[in-house]
There are 2 protein chains.
Amino acid sequence: MNEAQLEMEEKLALLKLYLEGEKIEDFRSEFLSLHVYEQSQYYLSLTQEERQQIYFYLSPKEMADMFEILEEDEESVEIYLKEMDPQYAADMLSEMYTDNAVDILNQLDKIDLRKYLNMMTIDNADEIKELLHYEDETAGSIMTTEYVSVAATQTISEAMHILKIKALDAETIYYVYVIDTAEKLVGVISLRDLITRGDDELVSDVMGDRPISVNVADDQNDVAKTIRDYNFLAVPVIDKEEHLLGIITVDDIIDVIDEEAASDYSGLAGVDVGEQSENPFVAASKRLPWLITLLFLGMGTATLISRYEVLVSEASILAVFISLITGTAGNAGTQSLAVAVRKLADNDDKNRNFTRLVISEVLTGVITGLITGITIFLVIGIWKHNFILGFVIGTAMLFAIIVANLAGSLIPILMDRIGFDPAVASGPFISTLSDLTSVLIYFNIAAYFMNFFI
Amino acid sequence: MNEAQLEMEEKLALLKLYLEGEKIEDFRSEFLSLHVYEQSQYYLSLTQEERQQIYFYLSPKEMADMFEILEEDEESVEIYLKEMDPQYAADMLSEMYTDNAVDILNQLDKIDLRKYLNMMTIDNADEIKELLHYEDETAGSIMTTEYVSVAATQTISEAMHILKIKALDAETIYYVYVIDTAEKLVGVISLRDLITRGDDELVSDVMGDRPISVNVADDQNDVAKTIRDYNFLAVPVIDKEEHLLGIITVDDIIDVIDEEAASDYSGLAGVDVGEQSENPFVAASKRLPWLITLLFLGMGTATLISRYEVLVSEASILAVFISLITGTAGNAGTQSLAVAVRKLADNDDKNRNFTRLVISEVLTGVITGLITGITIFLVIGIWKHNFILGFVIGTAMLFAIIVANLAGSLIPILMDRIGFDPAVASGPFISTLSDLTSVLIYFNIAAYFMNFFI
């Protein structure tokens, strides 16, 4: 790929020259020879002045092609839009696939949104308005209306004719959807089937007549699951009456999968890893809510320990092992949590496995607790020549781990039940919570054996 | 989707009936009317006896179509293979796309592998052998050799003719790759372009002549990045001399993205969340290595505290706040770690941002440390009427958090540098490590102010 990189560097240098020299035609031919992704990378590297120059060099349609790819990652799209002449921006949005235009428009305030919609043709504006009202993270919010549809009564060659006409506008032409006169989805044909069949065959004879679809109100993660399971390149979106409303393509689903993975990861860490800011104040402001909340939960643990202060002052050796027990239980609880969250996400019918999941985690806790408990019993027994102390620490560890596993599996289930995303129950939360239960277990057991330590 | 589910239930009930009644033809037509994903779900629900029955009902090709989808998730494919007549299994593997057959064969031991290869035609066996030697997680290991290629000198109608012939075998026909006489990749055309262009135009005039490709030795995550960035449905794989070796399709990339997300998540939690076993012994055996390792790291912390036992016995109030300081620092460190791991994964040129990343994390630590430190200073000052104690705890927390953030960002960078996946540095590891540093900081500060506590 080194040669390709060099070639790319050269192209970028050329573009810079052409822009400085205001050589519009040279710039256009070089720029348009790039893949839209490369165009977008180049665009992102420009200064505001340079960007404003190229708005005059490129048509709204050409800018739209690049913005299709840009919008996925870029938070500052709003700024770019405001730099443009409003009519140019509105034209560009009209030229984009509806789903991508809607993504951008959703980032704007209502006044700007209305301004751009008013500058579009009524058809374009209506199409966009229709998509704007779907709730975030539903199939409706990520679908596009640029698909190819034919009637079941048409022949393959008629269908191919329609396809060729729509090929320039449609987001995918690799599936053709078959609808009846009421616009209900009745079948699907892949382009692969279309080109290998005889021209005179009827669409109804060739099509798959039990098309897999998703409902417009479905969660986008369920759509992702369908596309992933069936290895689809796109899936049709229907309403309750089975009317075909749009399609969702695999590239948008990859974004959904990425988003979901980042959000699960963020949940586990108790921080939004999407936060790409290197400004420490911004970063700190996003992390402090969890830290401060957990600080107060941790104060609960401190209060609990302070009740046993007399115990500690009589046998200071007990203080030595607080962090070992809370730490180990916290680690076990975090493991449990992660497994439980993933199992909840993977299973369709969550109800069935709740009890089994918790039992399995508690039993796992018993086994890991026994083994770490016995290990620490032996280590302390030998190290401190005190097997009773070892027994106390080992037993406390066993029960602390069991309780941590119970919390680690039960809490995401409860969150799921009351309608929250179980992935929000973070590792830090579980380990801070298990600090509390671990300390309680530890000092209660220790108190029982107090006579042996003094 | 409820109606669709009911229909599905009915179909499954029918299949069961046909199987029991040994109605081969009825079974075949019902089974083959299902989508391959549905076939695979049905197959997975069968008993061994039932499975062995359907090996006689379905041809190796029909079984292969279903196995293409099965292999992604299923660990027990090996068992299924062994149930089949060996020649049937070999025929089925021959009928599969090479990348999927290779995935399955890679799970077998060498003797079985050789057995099946010997039963295939030489061509098929050679194709598979070629892919078998690519290293795991490289582009070569996930590519398939079933693509469509044409010459630049052919016309569009000639290309369409080739496409139609290959349409049944190729894994995707939506991109046609253009090669020269030395089989070097020189261009690419999408089927969309093919069907909208005139029959007599030359491929060389229509094709994109700077095709984006990946190298056969590239990491599969880099391939995923390319497909994702460019919104591709497939990407060609070349060797150093630019010979076209195969293609990688977007459905395989979705699996790569899922795998990667699961592995990052597992890394952060210190447990393999792919572990779907509900057997607590299996689950425990996978979690214990981390737990026991961290137990010994935790023993280090305990040893450290035991050095300050005299301090604790003189001022037992110090013990009360151990877990608060270690816990909060551990939480901050986990946040830092997660952000650092994701930033390392997102950035291509990792070298540039190392120092900035660490500085940004440390500064974030200073700010979060100051705010949590001041909060706890006030809370303890007011609660315990002891602002000096509050000052000690607050200051210890400030420095413990800074050090935890330093460790959280530095350790994944170091792991990356020495060639490990930074995602393996788990949250539990960072929080156990920061227990140690936090305790050290805490007791050193406390020792300095000792006179005030006794």
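Every residue gets a Cβ built from N, Cα and C, even glycine.
As given in TrEMBL:
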DOMAIN    A:143-206  domain 'CBS'
DOMAIN    A:207-263  domain 'CBS'
TRANSMEM  A:288-305  transmembrane segment
TRANSMEM  A:317-341  transmembrane segment
TRANSMEM  A:362-383  transmembrane segment
TRANSMEM  A:389-415  transmembrane segment
TRANSMEM  A:427-450  transmembrane segment
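Only residues 6 or more beyond the boundaries of the transmembrane segment (A:317-341), in the same chain, are considered here, and those with a CB under 8 A from a CB of the stretch are 264, 267-268, 301, 305, 311, 357, 361, 364-365, 368-369, 372, 376, 380, 384, 389, 393, 396-397, 400-401, 403-405, 407-409, 411-413, 422-423, 425, 427, 430-435, 437-439, 442-443, 446, 453.
Between the transmembrane segment (A:427-450) and the stretches A:288-305, A:362-383, A:389-415, it is A:389-415 that has the most C-beta pairs under 8 angstroms. Here the transmembrane segment (A:389-415) has long-range neighbours at 317, 321, 324-326, 328-330, 332-337, 339-341, 344, 354, 357-358, 361-362, 364-366, 368-370, 372-374, 376-381, 421-425, 429-430, 433-434, 437-438, 441-442, 445-446, 449, 452-453, meaning same-chain residues at least 6 beyond its ends whose C-beta is under 8 angstroms from one of its own. Sorting each residue of the domain 'CBS' (A:143-206) by its DSSP state yields 21 helix, 18 strand, 25 coil. Across the domain 'CBS' (A:207-263), DSSP assigns 25 helix, 16 strand, 16 coil.
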